[in-house]
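Annotated features in Swiss-Prot:
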| type | residues | note |
| --- | --- | --- |
| BINDING | Gly100, Ser101, Val102, Ala103, Val104, Gly105, Lys106, Ser107 | ATP binding site |
Amino acid sequence: MWEKVDQLTPSRYSPYRFFSAQEWAAFRADTPLTLTYEEVKRLRSLGDPIDLDEVRRIYLSLSRLLYAHVEASQLLFRQRQQFLNMEESYKTPFIIGVAGSVAVGKSTMARILKELLARWPSSPKVDLVTTDGFLYPNAVLREQNMMERKGFPESYDIGAVLRFLSAIKAGMSRVRAPLYSHLSYDVLPGEYQIVDKPDILIFEGINVLQVRDLPEDGKMVPFVSDFFDFSIYIDADPRLIHKWYIDRFMRLRETAFRDPQSFFHRYSQLSQEAARSIAEGLWQNINMKNLNENILPTRPRADLILRKGSDHLIEEVALRKI
């Protein structure tokens, strides 16, 4: 009988190859740095220390790897067209899924990756869509007594997510993705991002690698990740993510929360001690539970795992073997 194997511990049985950040940086080869300091500063999220050195160390090698995957998919597409004796037709978008906990740096990573990929010599059209817009509106969550479960799998309109990704993969034009406001903490009614036949789509969200229970009647149930050509999980020790979440909350209290239109404006009026207590409660009762129950278990499903250290920078890379 097989013993349980920890797939994320380096061993002969692990499906991953593991690299330090320094080893990974060497795979950049001659990939050019096409971003400036000011652009990285604009793209990074509040409190994220990523700089050009981190882009050189991690992102340029990642860009080169993804270029190889995209080129391989295009070659396979052409060979399949030839095999089927088909006329030249539209190549479906290459979809990259980006997953990980809140406060771990998914949004920064996705935005920087989008800019790097769009600057390849082939100048592909790259779009970025987040799953936030696919959350049920707050009114629906309140009606179903799920506001404290916001961010958990059941708070998303998975049917809408699957219809969106199906339309993208079907090569449909002007596909609509609902927009979300972090200021109002709600879906923006009637507002959409238009995704029009990109070459590459980056789809970012905490639960994009989630699987669901199969129905007893044997009907096919597609998972979001079924539509991905490549998937990335941003990882870190939960104790570090906890610290980053609290630090971010306290910074937002001094910035975005001060806007009277902010859903969290009331927290800006609290003392520092009271605000920190609120943040701790949100972490313990919502975000930590979601991480342990729904997000962390999806980590072994990723093609690439980027693990961060205490300085919020990548210190280890795990790449799935092929």
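Yeah, the Cβs are placed from backbone N, Cα and C, and that goes for glycine too.
These figures come from a predicted structure and were not determined experimentally.
Features per Swiss-Prot, on structure.
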{"residue": "Gly100", "record": "ATP binding site", "Cβ neighbours (10 Å)": "30"}
{"residue": "Ser101", "record": "ATP binding site", "Cβ neighbours (10 Å)": "25"}
{"residue": "Val102", "record": "ATP binding site", "Cβ neighbours (10 Å)": "20"}
{"residue": "Ala103", "record": "ATP binding site", "Cβ neighbours (10 Å)": "24"}
{"residue": "Val104", "record": "ATP binding site", "Cβ neighbours (10 Å)": "26"}
{"residue": "Gly105", "record": "ATP binding site", "Cβ neighbours (10 Å)": "25"}
{"residue": "Lys106", "record": "ATP binding site", "Cβ neighbours (10 Å)": "22"}
{"residue": "Ser107", "record": "ATP binding site", "Cβ neighbours (10 Å)": "22"}
In three-state DSSP terms, Gly100 (ATP binding site) is classed as strand
Give me the sequence-ordered set of same-chain residues, not including Gly100, Ser101, Val102, Ala103, Val104, Gly105, Lys106, Ser107, with a C-beta within 8 angstroms of the centroid of the ATP site's C-beta atoms. Ile206, Ile234, Ile241
For Lys106 (ATP binding site), just give me the three-state DSSP call. helix
